[in-house]
Amino acid sequence: MGGAPVDDGPVGVKAPDGGWGWAVLFGCFVITGFSYAFPKAVSVFFKELIREFGIGYSDTAWISSILLAMLYGTGPLCSVLVNRFGCRPVMMPSLIMLNRYFCERRPLANGLAAAGSPVALCCLSPLGQALQYHYGWRGGFLILGGLLLNCCACGALMRPLEAPRGKAHATGPTGEKQRPPTTLLDLTVLKDRGFLVYTLAATVMVLGLFIPPVFVVNYAKELGNEDTVSALLLTILGFIDIFARPTCGVIAGLSWVRPHCVYLFSFAIIFNGTTDLVGSLAGSYSTLVVFCVFFGISYGMVGALQFEVLMALVGTERFSSAIGLVLLMEAIAVLVVLSALLLAMGNLLFIRRKSLAAVTAGETEPLTERGRVEKARKEWVLWEKRPLSIHVDASEVERFLKEDWWKTCDGASSETCI
C-alpha cells in the first residue's frame, strides 16, 4: 500500500468531466450500491433471526445499525488513508475520486453513482429472500458476502488524475519533483459555519432516515402478508429510487438551481420526514405500497443531493476530510449514542436529584424488607382509623341474609342475588 500513487492530483488540473471518469463512475455505482443497500437488504433475514435466537425486533435492528455505524464511523480513518495513500488502495471512499473527475457534470455524476444503492436494493432484497429459502440465513449471508467482494475489482478503477503532457511539476533544490504537503485530516473545516450547519442537519436527519427501509418488510409480515410479497416492498422502494436520484441530479445541475441546491436539499429532507409521519398511519399492504413510492422519491432526492451540497460548501480540496467528519457524526446518530447521553444526563441532573430530595423529606423509603413491613403496618393503622360510616356490622349482614326478599331472585342464592 505504501508504494501506491497518491491521487491528490497535480495542482490546477481541471476535472475532465468524462473520459476515464465514466469508468470511475461505474465503480462508484457498484461500490455505493453494495455498501449502502446491504445493511437494508439484510432486513429480509430478521424474521428467521428472531425465530432462531428468540429475540425481538429492536434487538435484531442492531444488525443494521451496527453495519451503518461501521460504514459511517470509519469515515475519518478513511479520509486520513485517502489523503495519505489515495483512493485506489483504500477503495471504499469512492465518492472522493468521483468528485475529482467531474466538475460541471458533478450533480449528474453524483446522482448516477447514488443510484447504485436502489439498484442493488432491488436486486438484493428478493435475492436474499430466495437465498434464505434455499440455504438458510447463514448460507444467504455467506453468498451475499461473496458478492460484496466485487467492490475490490471496482476499487481498481480509481485511477489518479494525471497532469497534461508538457506540464512540469515544481522541483526542489535537488531537482526532484515536489508535491505540496498533504494534510491527513484537514480540521479547518470545523471553522466553516456552512459545514457545521450541514453536519448538524445530517446528524439529525440520519436518526430516522434508515428506519423505514429496515422495518417496512417485517411490518408487512406482521400485517399477515407472505414473506415474498413483503420483500417486494423494498423492491418497489428501490425501483422508484433508481429514477429519483438521477432525475434529481439533473435538476440540481441546472444553471439556475445549482447555486441554490442547499434549499433543494432542505426540501428533500422535509419531504422525507413528512412521508414518514404520514406513512406511520399505513395499516394495509396497499397503503404501504403508496408509502414506499413517496419514500423512494424523497429518499432518492436526499441520496442524490447530500454529497453534492457538502462539496459545494467545502470545495474539492477539503472534501475528503469533510466527508469523514460528517460520516463520524452520522455514525454516532445511527447508534443513538446521542439519545443515550441525553437520557443519562437527564437522569443525573433531574430525576435522581428529585428522588434524593424526596428521600430526604421522608416522602419515600428504601425498598428493603423492613421498610415494606413498616409500610404495611402504617397502612393497617390507617385502615383501623377509617371513618365509622364505612364499618360493616356483622349482625346486620346476618339479619339481611335471613330475610325472605331474596327468594324472589329467580331461585338464585342470597349471595348471588346480592
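Backbone N, Cα and C atoms are what each Cβ position is placed from, and that goes for glycine too.
Here's what TrEMBL has on this protein:
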- 20-39: transmembrane segment (TRANSMEM)
- 60-82: transmembrane segment (TRANSMEM)
- 139-158: transmembrane segment (TRANSMEM)
- 195-219: transmembrane segment (TRANSMEM)
- 231-256: transmembrane segment (TRANSMEM)
- 262-281: transmembrane segment (TRANSMEM)
- 288-307: transmembrane segment (TRANSMEM)
- 319-344: transmembrane segment (TRANSMEM)
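Here the transmembrane segment (139-158) has long-range neighbours at 7, 23-24, 26-28, 30-31, 34-35, 38, 41-42, 45, 86-88, 90-92, 94, 97, 124, 127-128, 131-132, meaning same-chain residues at least 6 beyond its ends whose C-beta is under 8 angstroms from one of its own. Within the chain carrying the transmembrane segment (20-39), a Cβ under 8 angstroms from the stretch's Cβ atoms is held by residues 63-64, 67-68, 71, 91-92, 94-95, 97-98, 101-102, 109, 112-121, 124, 144, 147-148, 150-151, 154-159, 210, 214, 238, all 6 or more beyond its ends.
Within its own chain, the transmembrane segment (231-256) has Cβ neighbours under 8 Å at 37, 40-41, 43-44, 105-112, 114-115, 117-122, 125-126, 128-129, 213, 216-217, 220, 264, 268, 288-289, 292-293, 295-301, 303-305, 308, counting only residues six or more beyond its boundaries. Beyond the transmembrane segment (288-307), the same-chain residues lying 6 or more positions past its ends with a Cβ under 8 Å from any Cβ of the stretch are 95, 99, 107, 110-111, 114-115, 117-118, 202, 205, 209, 212-213, 216, 219-220, 223, 233-234, 236-249, 252, 261, 264-265, 267-269, 271-272, 275-276, 278-279, 282, 323.
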